[in-house]
Structure formats: C-alpha cells, structure tokens
C-alpha cells in the first residue's frame, strides 16, 4: 500500500506487525518470544553494521570526522550525565516508589537511553533521502557512539557492585574509553588487512571469495566483543579497510554476491529487530510509573536539543561549511533510539537492579515515541523547511579529474603555507598506500594501475552491467577494457613483467580517456547522457569545414580592409536596372533590392586613373532621386577588376567606359543636386559573397 508507506516509515509498520503477532500469540495462550540480548548482539546486529561499514561513503565521512566524533563522544557523554543527573533528582523528589533508585543506577539508565541507534536512523533516513552531509553526521554519530555507550554501560554496571568508588576507578574508567574504542578499531584493521591479503590468492577459487569477506568481518566483531572492546567499531574498521583491496582482487560475480547478500542480510535483520521489539513489548513484564516515564521522555528531548545547539555553536567556529539552523534541527530531531537501548536494558541483572522492569518500560516508551512520532513527522518537516535533498548522480571522469586536481592543489597550498592539515596527511597516506600497501595486498598489475584508469574501468563496468540488466546487451561499447573483461571471465594471468612507472600504453589509454570524456563540450545532441556518448564519425570533417569557412571569411575581410571598401548603400531601382543591363553576369540582385554603383579597380596599380573603370554608372541625382548625405560621405562602392585574358592589351582594347553613355554619366557626377530623404531598401549583393 504505497499511500501508507509514504506517510508511515517501514520501521513503524514492522513494530505494529510485531505488536499484532505478540498479541495474537498471547491471545492463543502461548508465551510470546522475547528479543534476547545474545541473539540481538551476536546474530541480528552484525549484518546491519557490516553493511553500513563496507559501503560507507568514505570521502564525506573522513571530511566530517571531527564533527562526527564531537557529536558521538561529547554529545553522548553530555546526554548520559545530564539525563542521569536530572533523573536522580526526579527520583529523590518523586515519592516513595522512586526514592530507592541511586545515582549510579540513574547514570547507567542515562548511558543506555542516550545513544542514538544506527538501525533506527538507517531505517528512517534512507526513506526521506536527506542530503549527504546531514545523513553522514547523524549516521556517523550513531555508529561511533557505540564505544561511549559500551564503556559507560560496563563502567556503571561495575561501579554498582563496588562498595566505594575511588578517584583511581574514575581515572581508569576514563582511560578504558580509549582502550575500548581504539582497541576495537585496531582489531578491525588487523582483520581487514588479513581479508585483503587472503583475497590476493583466490583467483583460482572464485566461489569462496565472498565467504572470506563475511568470515573475517564476523571474526573481527567476535574478537572485539570477546575482550569487551567495541564490536561495532571493529566491524566498521574491517569493512572500510578491506573494501578497496578486496574489490581489486575478486571477480565481478563475487563483488555482486557480496553486495546483494549484505543488503539482503541487513534488511532481514532490521525487519526481525523491529518485529521482535513489538513482540517483546507485549510479552515483557512492565512496571509503569508516570513520573519516571514522562520525565525520561521530556529530559531526553531537552538534552538532545541543548547538546546539538551548544556543540554546533562550537563546531561552526572551525567548519568552512557551517551547519545552518535547519541542519541543527534535523540533527537534533533525527536522534532516534532503537533496539540497542532495549537489548542493553534487557541485559541488566535483577539482583543489582531491582528496578529493571521500570527501566525497560521507560526505554520502550522512548523508542516508540522517537520511531513513531519523530520518524513519521521528519519527512513532512524536511519538506516544510525545504532542507536540501540527496541528489542521485553518478560521478563522471570529468568530476574525478577535477576532484583529484583540487586535492593536489590544496595539498600544495598547505605545503607552501607550512600548515600540516587534512589534505597534507591524506596525501601522505595515499603515497604510502600506493608505494607499499597496494603492492602487498593487490595481485598482478592492478596494484600499479593509475587511479584514473582504475576509476574509468569501474565506471565502464557499471555501465556494462546496467545495459545487461536493462536488456540492452547490443549497446555495449566495443571499447570495454581488458581488465573489465578479465573480471567477468577470469583468464590465466600472464607472468608479471617489470614495468616502468607509467608505460606508454597506460599514457595512451589516459589520453584516450581524456579525449573521449573531456572534448565533448561543443557537441549539441538531442538526447544527452554523459555515460553513453557515441563518437561522431563526421565530427572531424565537420570541424575541418568550419575552420576552412572561418579562414575564408578572415581572408575576405582582410582583402576588403586592404581595398578600403565601404559598406553597400541603398540604391534606386533605375540605377539597379541600368547596372544589370550593362553587365547582367556580374550582378545578381535580390527581389525588390536596389543596387549600388560599382567601380572596378585593378589592385596592381590602384592609384592610376586608367585602372578605374565606370560600369553602368549613373550620377547621383540623375535618376530623379538625389543622393542621401550618407552616400555623399561614403562615396562609391568598388570591386576588384577581373584579370584580363592573356594576349589582350588593357590600354588599346576599347572597353565599356569609352561609350558615349558612360561619358554622359561622368559629366553628371559633378552635379550632386538637391538632397531628399534616403530611400528604404535592401543592399545589392554581388555573386560569390
């Protein structure tokens, strides 16, 4: 039902389905299953996080890493302590039912409920198609705040068992945050490198290539959880590290398998999590306390809004692209809670936390409010505030070249200024990666392939796949690269040759890519698609013809300037008829046009009076219409005399100027006569112009 799914997010509908299923099971008299924490953390959560980490948009993530870390670490700490402190105050003032809840228990509850949930954020933000900056800020925060949540949760859980908490315990707890987060990242990086190295040797067994990606990623998650490190950070690090090297080694079929299997796996996990949330709500034991639940909900919203406003004010002092008030509102409003908070609450022990049922009831209330109310209203609010949406565009060779150029330019500027900034360290990392890491982790010649050619092959392959999937197999260009064909049908690789830094073939391939992708600016096509530009066989001939025409025009203009030829003027019909009658072959007048008197000049001796030849000339004013002032000022229009045929004498051969009529015209030229208004009309156009 599209009309329903446009208004209500999928996560809300799945929770409703879970509530109905749970109610049905309970109505039959059976006990509904509850979402156990072990099932959630070991089986349902890893696929979603691996999918997010493996396909993480790395460039926007790294460019906004500082902002994301501030929101994830400082923001989560602020939410946990602000909420825990205020809830402790509420418990002290709330009457006999809440007096027994201590400060540590409230701080533990604050740490559970404060973290933004990546599953809920993904479910809602993927549907509203928010712009890339806001999506990566909220989603990045939800991924990286796991380390803070894990540390605070285990810290307060341990402190609850202590009789007295010393300053040393607090310092060790603070240091454990770095151990948990950086340790998780380190575990992920190690397994990512092992996965990339393993994929180097799988060219003869393509079938099991996807298995290594899933196996090593899951082992990274389990190894991190085994030592109480951040499993989510380990999974993200493993996915980010292994992807570029694994994709260069594996076949195209394996790449497609990984992509679709991860999407399917994460989608199934997400569906099960939200359905289980609904079922667990019906099946679980609840203890409802109005004061505690409403206070939790209210303080959650207040803490989120205050945290975002204060942190954004601080962040904007250092950001080039500032976060606008609209962006701040979406970041604050997008802080959704989900199944991670529920599972952490479910893990609490009854012996030490007798108020566990009340905590779970408050957690479920907050989850339902954020997912239903905020999740359903965020789409209309995005439209109402006219927040920039995500633009689905594919990168072209042109964009890739200019992006690389700007990166190098900014690195050079930083070096000149002596400032070691973001671009400087990124360039160092790229050089190290190209010089050492790629040679170890990528098999064959692909490790030495220039970045531009690698990107072109990837784009070419995408285009070929789209054409195959759409049924346009006949439209695949003939220039599909050998590497792309190798990926589709793997062949035995030749023995590795010692290659120079950039071979002539690679240079020629780069030139060809640039020619075909960057010299299309003057083409005007009826239907334009930058990925399916077809070479025009007539383009070269057409360009040559345009150049010849342009040269002819320039030559003609130079000749006219040399002969000091003025512009054509309006002429009377009588003069036109006289001129056509004198030499009908030399002139071809337009319809209703009036022609000018023309003097033919021999360019060999333009100064000699013998070279001036009056052809069918009439005096101004002799035709009954006196000349205009403009005609008087500009004089006569002259044209070059045709060269005489060999064997004729220009002096003694009688010409048309010796006739009596021409003599009469010459006498009339000396008398300009009165000057009436000039006539309207088209200028005379000679042949050949």
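Positions of Cβ are set from backbone N, Cα and C atoms, glycine also.
For 6-25, 37-56, 68-91, 103-124, 136-156, 168-198, 218-241, 262-284, 290-316, 328-347, 359-382, the entry in TrEMBL reads transmembrane segment. Among the features that TrEMBL reports, domain 'Cation/H+ exchanger transmembrane' is placed at 8-382. TrEMBL lists 479-564 with the feature domain 'Sodium/hydrogen exchanger regulatory region'. Residues or ranges marked as coiled coil by TrEMBL: 504-531. Residues or ranges marked as region 'Disordered' in TrEMBL: 585-689.
Below 8 angstroms of C-beta separation, residues 118-119, 122, 139, 143, 213-214, 217-218, 221-222, 225, 231-232, 235-240, 242-243, 258-259, 262-263, 265-266, 268-270, 272-273, 276, 339-340, 343-344, 346-347 of the same chain, each at least six residues beyond the ends of the transmembrane segment (37-56), sit close to that stretch.
Counting Cβ pairs under 8 Å to the transmembrane segment (68-91), the top-ranked stretch among 6-25, 262-284, 290-316, 359-382 is 290-316. For the transmembrane segment (103-124), the list of distant contacts is 9-11, 45, 48-49, 52, 76, 79-85, 87-88, 91, 138-139, 141-143, 145-146, 148-149, 152-153, 156-157, 159-160, 165, 232, 270, 273-274, 296, 300, 303, 334-341, 344-345, 348, 353, 355, 359, 362-363, 366-367, 370-371, 375, 378: same-chain residues at least six beyond its ends, Cβ to Cβ under 8 Å. Sequence-distant contacts of the transmembrane segment (6-25) (same chain, six or more residues past either end, CB-CB distance under 8 Å): 31-32, 120, 123-124, 127, 270-271, 274-283, 368, 371-372, 375-376. Residues 147-148, 150-151, 154-155, 159, 162, 212-213, 216-217, 219-220, 223-224, 227-242, 245-246, 249, 440-441 of the same chain lie 6+ residues outside the transmembrane segment (168-198) yet bring a C-beta within less than 8 angstroms of a C-beta in it. Ranking 136-156, 218-241, 290-316, 359-382 by CB pairs under 8 A with the transmembrane segment (262-284) puts 359-382 at the top. Beyond the transmembrane segment (218-241), the same-chain residues lying 6 or more positions past its ends with a Cβ under 8 Å from any Cβ of the stretch are 41-42, 45-46, 49-50, 52-56, 58, 118, 143-144, 146-147, 150, 154, 179-181, 183-193, 195-196.
The list of residues near the transmembrane segment (136-156) in space but at least 6 beyond its ends in sequence, with Cβ under 8 angstroms from a Cβ of it, reads 49, 52-53, 57, 60-61, 64-65, 67-69, 71-73, 75-77, 80, 104, 107-108, 111-112, 114-118, 121-122, 125, 173, 176-177, 180-181, 184, 228, 230-233, 236, 330-331, 334-335, 340, 344.
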